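> Summarising the annotation, Swiss-Prot assigns compositional bias 'Acidic residues' to 35-45, 128-138, 304-316. The phosphoserine annotation in Swiss-Prot covers S301, S302, S303, S421, S524, S1301, S1342, S1524, S1528 (among others). The feature phosphothreonine is assigned by Swiss-Prot to T360, T696, T1682 (among others). As annotated by Swiss-Prot, zinc finger applies to 363-410, 442-489. For 506-515, 1528-1537, the entry in Swiss-Prot reads compositional bias 'Pro residues'. What Swiss-Prot lists as compositional bias 'Basic and acidic residues' is 1555-1577, 1606-1652, 1660-1675, 1682-1692.
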Amino acid sequence: MASGLGSPSPCSAGSEEEDMDALLNNSLPPPHPENEEDPDEDLSEAETPKLKKKKKPKKPRDPKIPKSKRQKKELGDSSGEGPEFVEEEEEVALRSDSEGSDYTPGKKKKKKLGPKKEKKSKSKRKEEEEEEDEDDDSKEPKSSAQLLEDWGMEDIDHVFSEEDYRTLTNYKAFSQFVRPLIAAKNPKIAVSKMMMVLGAKWREFSTNNPFKGSSGASVAAAAAAAVAVVESMVTATEVAPPPPPVEVPIRKAKTKEGKGPNARRKPKGSPRVPDAKKPKPKKVAPLKIKLGGFGSKRKRSSSEDDDLDVESDFDDASINSYSVSDGSTSRSSRSRKKLRTAKKKKKGEEEVTAVDGYETDHQDYCEVCQQGGEIILCDTCPRAYHMVCLDPDMEKAPEGKWSCPHCEKEGIQWEAKEDNSEGEEILEEVGGDPEEEDDHHMEFCRVCKDGGELLCCDTCPSSYHIHCLNPPLPEIPNGEWLCPRCTCPALKGKVQKILIWKWGQPPSPTPVPRPPDADPNTPSPKPLEGRPERQFFVKWQGMSYWHCSWVSELQLELHCQVMFRNYQRKNDMDEPPSGDFGGDEEKSRKRKNKDPKFAEMEERFYRYGIKPEWMMIHRILNHSVDKKGHVHYLIKWRDLPYDQASWESEDVEIQDYDLFKQSYWNHRELMRGEEGRPGKKLKKVKLRKLERPPETPTVDPTVKYERQPEYLDATGGTLHPYQMEGLNWLRFSWAQGTDTILADEMGLGKTVQTAVFLYSLYKEGHSKGPFLVSAPLSTIINWEREFEMWAPDMYVVTYVGDKDSRAIIRENEFSFEDNAIRGGKKASRMKKEASVKFHVLLTSYELITIDMAILGSIDWACLIVDEAHRLKNNQSKFFRVLNGYSLQHKLLLTGTPLQNNLEELFHLLNFLTPERFHNLEGFLEEFADIAKEDQIKKLHDMLGPHMLRRLKADVFKNMPSKTELIVRVELSPMQKKYYKYILTRNFEALNARGGGNQVSLLNVVMDLKKCCNHPYLFPVAAMEAPKMPNGMYDGSALIRASGKLLLLQKMLKNLKEGGHRVLIFSQMTKMLDLLEDFLEHEGYKYERIDGGITGNMRQEAIDRFNAPGAQQFCFLLSTRAGGLGINLATADTVIIYDSDWNPHNDIQAFSRAHRIGQNKKVMIYRFVTRASVEERITQVAKKKMMLTHLVVRPGLGSKTGSMSKQELDDILKFGTEELFKDEATDGGGDNKEGEDSSVIHYDDKAIERLLDRNQDETEDTELQGMNEYLSSFKVAQYVVREEEMGEEEEVEREIIKQEESVDPDYWEKLLRHHYEQQQEDLARNLGKGKRIRKQVNYNDGSQEDRDWQDDQSDNQSDYSVASEEGDEDFDERSEAPRRPSRKGLRNDKDKPLPPLLARVGGNIEVLGFNARQRKAFLNAIMRYGMPPQDAFTTQWLVRDLRGKSEKEFKAYVSLFMRHLCEPGADGAETFADGVPREGLSRQHVLTRIGVMSLIRKKVQEFEHVNGRWSMPELAEVEENKKMSQPGSPSPKTPTPSTPGDTQPNTPAPVPPAEDGIKIEENSLKEEESTEGEKEVKSTAPEATVECAQPPAPAPATAPATATAPEDDKAPAEPPEGEEKVEKAEVKERTEEPMETEAKGTTEVEKVEEKSAVDLTPIVVEDKEEKKEEEEKKDVMLQNGETPKDLSDEKQKKNSKQRFMFNIADGGFTELHSLWQNEERAATVTKKTYEIWHRRHDYWLLAGIINHGYARWQDIQNDPRYAILNEPFKGEMNRGNFLEIKNKFLARRFKLLEQALVIEEQLRRAAYLNMSEDPSHPSMALNTRFAEVECLAESHQHLSKESMAGNKPANAVLHKVLKQLEELLSDMKADVTRLPATIARIPPVAVRLQMSERNILSRLANRAPEPPPQQVAQQQ
């Protein structure tokens, strides 16, 4: 026999049996047979999914020699030093274990090792060495040194010591030792290369191992020899499986010696093998190891492999073949064995194969780490592994056939087979027995997983101990023996689900034959007892519950492995489940006694969890006839979906089967006129014959029924009089062709009236249908019941369920014709000519849209939509799809026709009669003023024919009343703790300036609502809560934790004693969980419904609760899920545990009890936690209730429902002050009684009073109002507002959104201290060390707070950033006396603020500002910047705004500024609070505000020096002319300075900083905001001064004048709080560059050096400016020179006037050089007025402040700024004089604007201590510029010499010029690259080291009040 293809294992001389035992200690862990059933547990996740098939060599098998699994492992472990020496070894047993056994086959061992052993192992080694040599010839691996050299890496110079060779005995240990050494030398080595080097190193290490001949080797040799000797006992037999049994002489069944802990050490030879027939021993091939190629592509399996697969597939089909998957339906075909091919190879061929080395289709990388190297190959799939990557890792390669962990898990085992495509065929050795057969049987007993003598099955690989069989066998049987698995009967079908299991009866015992030599007197041996086995009760796929039956465990295990495993996992398999399925034992016992049939069914089915309904026919859907003429019926079972319908034969015994067959044929006959029916004649059954409806109408529908017709009497029901009236009205409307809305109040039986209406149409011959009813899924069961009761002759189909159910309904219930609808799960159109089988189709809203294909293809006689407010939005898909259906008549049912507004009502009417109601605008316009009587009458007339609405109060005069009481409850101490904690934790979100948004506030409200309900709703509290052993909360602690539960406990006790029953509603399902625990603790029985409980279960719970004598005392419902179509009239007390946001949901909820059938007074208790968000929500809900019904609001229907941020903030504040006050007064303790009279205590008396049912309702007014709003008409009731109408304006205004006055600092004051305390505690607890507290100027804060509180009328939390300068300005001077109100304006206090959003005459108003006024306001902002604090008295108030009160104006300014600060896309249509944006561009507005604030600040700085008149001599003239005082501003030409602005002399240090901020923001277009004022305030002055001294580049011309003011200016107080302005972006070009480069300019020296180049970008931008400036200069000079003579006198006067003005732009603009030149010219020529210079610039800015941005004409016309006209006087006669003048002013202003921005940047740079970054590209530009300058200056003389004709100088000059040119072109290139570097400027937030939120909140803060002396000056 040829050996394997690898190198041999070294072996030593003798080896004893003890050696084999010793090997047990070294072996791989055994494959855990005890885990056979679930091998997943043995393997890591990663190994499971990768399965790939590989080819294996074949080896003959012998079943007769016993084998030991563990010994096989030992042998494997001892073979060879390293993985590369191990060759593929044979696997000897086939595994066909459906349980997924981990059994791995191994080699056999003979009891005695013969003397030939050593010789054998030597010859084996020799042969293997030869083969290895051949292998090496073909592919010699490189040494590690060669590999490293090839890759250019360093080798390690470690010399292995003797100790190393002793300790590093396996690859893993070696790898762990050597790998770090290699990595240290070559840190960047790739993993794949590392693996190759390690492999090579290990190979060398193993080869050089001096100990390899000793113990380890001898062990291996012993193992090899042992195996060889074992092989000598193997006899070859025929490969093919045994043919079908024939008559043969009796022989013993097959046995074998299995492996395992109990296997015998020295087993005897098998009795079936004659000693004479021992074949020659075979050699053991070691396991295959492959050295994977690195980086090679993963191979796909070869084509031969595919061929084999095909072949094996054919073979597998044969009856006699067996495979791994025998008995396992879930096995994949890939795992089947590839059967051997019959061909044998010749020896020569085999040798050739050996020379070639083996080629496999294995992957050449490790499955786990995906790297190559030395890998061992799996024999049952193409995977390969490193030994160290296995889990657990192998120390030595296993010998023989080895399956990888994946195959072990999948249950795939190696099977011997021929594989001639791979050239690995192994021939039998000469002299071998051709009959020899491989033993494919399991090595372990299938039952106990142990070894020993095993009985082998003749047709499958299973083996058993005879004592493990059930019943046990006394001895090995004779002849062929089939195991239990092979004799296991097949299942009768596919199992759908396992219902239950039980222990079966043990099989009858096996008699033990008396031994022949036994004493005849001894008693016969005791028969062997069998064991009871599990029996499983299963439901079969496609069969009804009638066919459920018991199957054995083995059957399930074989045929439904996955299902069986899953069932085992989920259920206790030791103790069978009890048979009690919630039925009432007492009742069922009584019934069993009376009804033997029931007793039988109980015994067979019901006790095992099958409900009686599932075995009752609901209806027969269809029939079919088979070839033999037998009829089968498709039956739909009660309470089961359609996909559980099953075909049953006509002669099956089923209760009422004949009745249903009869009704099926009756209906068929009725609809199709068919008489004949196939099959047996039906038995006569008493069944009311269906009457065919008349062909033509028999009754005039317009005639009223005085009493109900006979066909209704036949149903046994009686309609109420008002229902008869409803029926008459519906029939009348049908006759008139009027589509209708039945809007009766909830609980008046709209469903019944509708069913009766449809039934009357059918019975009277008006229509046979089909009728379509669309209802909420939860109410469909109720609809079914009502139709069953009131319309028994109608065929009603419920079209709901999953795809499968609906497909069955479509195929069988839509039409009698087979091909009317295309089959399949996708709905398709129904054929036009096909007749419809049903009369009524009930379906849900969703399916109307999902299955519109089929439903839309049917012509419906009538559509009914239940809960029709689903149609209130004409944009919904439901509305649009339903509109496309073919509908002859429409009826809408709704209990709340006017749930929100008139628009929704219009949509309902539009759906009903689109031809009449199609113009929404017209409709809304017509009824815009619904408050007027005639309008209401008109609307009622219009609605009259379409709507009918009755109230319970109208129709049930004797119906018990209902009383709703609001029960105020206290917070428990624990709730108070959490309430405070939630508020404190969310301080940032609550604080108006902290940037909280609507969502975060809503989250806070929800948390507080949870806290009011129960603190255990928070995970933290739930974790800490004391629990009982069973996991439920401890009852007393649960109750103590919540004020509501404390009260509920007392109430329920009294209610229970009084015999009342209670419904408890909560919005939160988790609260319902807690209530369940509470009720369990109190011992009350209850039912529960929430959103997770669907139709059937829901109805069952309701039925149980409503059943007479039901024990359930409480019913827990979730407000929304329990709100629709549920009748719980047996309860008379409703407790609303927490109120819903939407009051309609609460009304829906308590209407569950207050409805038809109620005979007791209903008490409704609404729990409301006092002084909490709940109390406020209840108030808001009441207000909403009144609004929704009293105020008809056209408008954004669906959007109006959500809470505004304002409402949320208001809700959150409610009660908080008191809560935190408690803390202060009680010292943190609980409220003491008597301390606070407002605390509510419920003692017994109070509870009695509360539960007294005679008390009158105290707080139900809003509900009465709601119900009475329809009292005037039975049709379309509408309500008039009861408030008396104010002035006309108020009447017309429709409030869309109200804005309330809010104290923005409420949270700041309330929570700041708590919050900071909490933060400190957190920091301390988290161990972050002591926190350095941020310095907070509390003084400033308190001043700001006071301002905000006193004056800010409308600052609300609708904005993340909620501050505006306008307000600040007003507020700073709030103490100063205001101007009295003008005519036409009421006093602020008299008139409340207008609502935030309102609609007046179709136009939207914002805080009372209409579109024109809003536009005017925006224009004023763009003209003047921020409104000053006295805007009310200045030019600021344009004509359009004069009608506004000061309060309104301030409120609007505040709102406008908050909108500017609100982040968001400019494209949005509205701001966060719903105010329309109207195309407002924040960027432009902020830019303008910023520029104007800079100008205003600059003018104020020098105003006290320069006065108010540019040419003071004109002042007197003007005074005389106009008789007006310059001090008091006229509306047109007001004072330049706004009184609020700081006087320039005041050395208040804050201003620059503040304005710095302004621009900061401007400068960065990120609208993020600027640095915090407070910090800036403190340090800015110094910074500014520092920056201010150097910048003026012309100290000569502007000596003290320039710098002194500059110094002065630094501390000047900024104008009114223009922090917002900061956001404005001033000049796009200069802005950002300045910002960046400003960093570089902080150092004073730099600035002095003329750091113009520092800010290269600006310089670049300024090139344009320079050109402009030069032009301006020309114009100026020309202009200046012409009028010389005219202005001499003026100049003399002027020279005496004191003047100061400077802009410290650091030389970054041309301004100072211009000023220098201009002033020089002006001084020389004495034309101070005529030549434009610094003075003119100041007055230009002053004019802009007074007249507005770019109002050049107004400025020129103002005599105060006459100086600006002087330079242009000479040009007056030119045609384009005005154009020249305006262009010049505009360009000059641009330059000033730029300079102002730079000045601000420099101040900030200084303040922020920015330093130059030498690596910045602009610095390179700076050095280049210095080079240019230096080069130019040092060679100035050359030009003169060159001009003088000096030729050498000329040549040098050319070179210098060339150098200059190069330098300049380099600079130009650098400049073009600069913008890219600018783009990387960090955002404002980063540069300010502040978070965006802090910046925004800073912006929202108002500026501090000026110091007292300043205020005095202002006044």
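Cβ atoms here come from the backbone N, Cα and C positions, even for glycine.
Please situate the listed features within the shown structure.
Shown for the compositional bias 'Pro residues' (506-515): DSSP residue counts in helix, strand and coil, namely 0 helix, 1 strand, 9 coil.
Other Cβ atoms within 10 Å of the Cβ of S524 (phosphoserine) number 10 in total over all chains.
T696 (phosphothreonine) falls outside any helix or strand according to DSSP and counts as coil. For T696 (phosphothreonine), the count of additional Cβ atoms within 10 Å of its Cβ stands at 7 [all protein chains shown].
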> In terms of DSSP three-state secondary structure, what is the assignment for S524 (phosphoserine)?
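For S524 (phosphoserine) - judged by DSSP and reduced to three states - the answer is coil.
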> Using DSSP, tally how many residues of the zinc finger (363-410) sit in helix, strand and coil.
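Breakdown, helix to coil: 9 helix, 8 strand, 31 coil.
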> Distance check, please: Cα of T696 (phosphothreonine) against Cα of S524 (phosphoserine), rounded to an integer number of angstrom.
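Cα to Cα, T696 (phosphothreonine) and S524 (phosphoserine) are separated by 91 Å.
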> Let's see if you can do this one: DSSP helix, strand and coil counts over the zinc finger (442-489), in that order.
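Its residues fall into 7 helix, 8 strand, 33 coil.
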